[in-house]
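Enquirer: Quick one: the structure is below, questions incoming.
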Amino acid sequence: MTYKRVLLKLSGEALMGDKPYGIDPAIVQSIAEDVEKVIANNVQLAIVVGGGNIFRGLKGSADGMDRATADYVGMLATVMNAISLQDGLERVGVETRVQTAIEMQEIAEPYIRRRAMRHLEKGRVVVFGGGCGNPFFTTDTTAALRAAEINAEVVMKATKVDGVYDRDPNKFNEAKKYSSLSYQQVLSDEIAVMDSTAIALCKDNNIPIMVFDIFKKGNISRAVAGESIGSLIS
């Protein structure tokens, strides 16, 4: 089954590639080329991007910053990533709009739900930056929120691992990968795939979550085509 309207969640760390910080142009190029194939198949795609490659609000708070202030800095980091993604997408011919939850009209449109949906219907990619505009909410929660707002059929969480495991596969060789699991299992077992607010939002709105490896070339288009390449939460 090919999905028709998809919300893709990209972590900021995914944009780093092998770099310790910032944005790897080669990764942006690879993502853009994969997205171009998705759009060519008449799939409507919106993207929520994180900011952890530049600044992470929770870490800033742990280091002594006021939590709300740290979160706002993190929101600005997501806008930097959103604009960089827009540049990469437009260089491969994909018409793209950036919408931000915090107004900065010189560089992006303000987030307006109806306008975002019109862009999608016209075959444009919409990249949502600035989180949801409020501190104390993660970009995973933003992804769940925007998916519900634009009536997306699925949230696709593109990450550094190839699915959901019962423990950290980088630390435990015996870690077990789930091909599928329920929202309730994620919540009750406290599986660290997305925060509980994001999972609950998807559960309440019956939006499945596909978790897959972003670094394998072509995985975005495979996931959109409905291939079983990661873990499905539903």
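Positions of Cβ are set from backbone N, Cα and C atoms, glycine also.
Pulled the feature table from Swiss-Prot, pasting it below:
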| type | residues | note |
| --- | --- | --- |
| BINDING | Lys9, Leu10, Ser11, Gly12, Gly52, Arg56, Thr159, Tyr165, Asp168 | ATP binding site |
| BINDING | Gly51, Asp71, Cys132, Gly133, Asn134, Pro135, Phe136, Phe137, Thr138, Thr139 | UMP binding site |
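So that I understand the layout, could you describe where these features sit and how close they are to other parts?
Expert: The secondary structure of Gly52 (ATP binding site), as reduced to three states from DSSP, is coil rather than helix or strand. Applying an 8 A CB threshold to same-chain residues 6+ apart, the list for Gly52 (ATP binding site) reads Ser11, Gly12, Glu13, Gly74, Ala77.
Remark: Gly51 (UMP binding site) has Gly12, Gly74, Met75, Leu76, Ala77, Thr78, Met80, Asn81, Thr139 as non-local neighbours, by Cβ distance under 8 Å and separation of at least 6 in sequence.
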Enquirer: Given that the record lists Lys9, Leu10, Ser11, Gly12, Gly52, Arg56, Thr159, Tyr165, Asp168 as binding ATP, what is the largest C-alpha to C-alpha distance among them, in Å?
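Expert: It comes out at 24 Å between the most distant Cα atoms.
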Enquirer: At a 10 A cut-off on CB-CB distances, which of the binding-site residues Ser11, Asn134 has the highest count?
Expert: Ser11
Enquirer: Could you round the CA separation between Thr159 (ATP binding site) and Asn134 (UMP binding site) to a whole angstrom and send it over?
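Expert: If we compare the Cα positions of Thr159 (ATP binding site) and Asn134 (UMP binding site), the gap is 24 Å.
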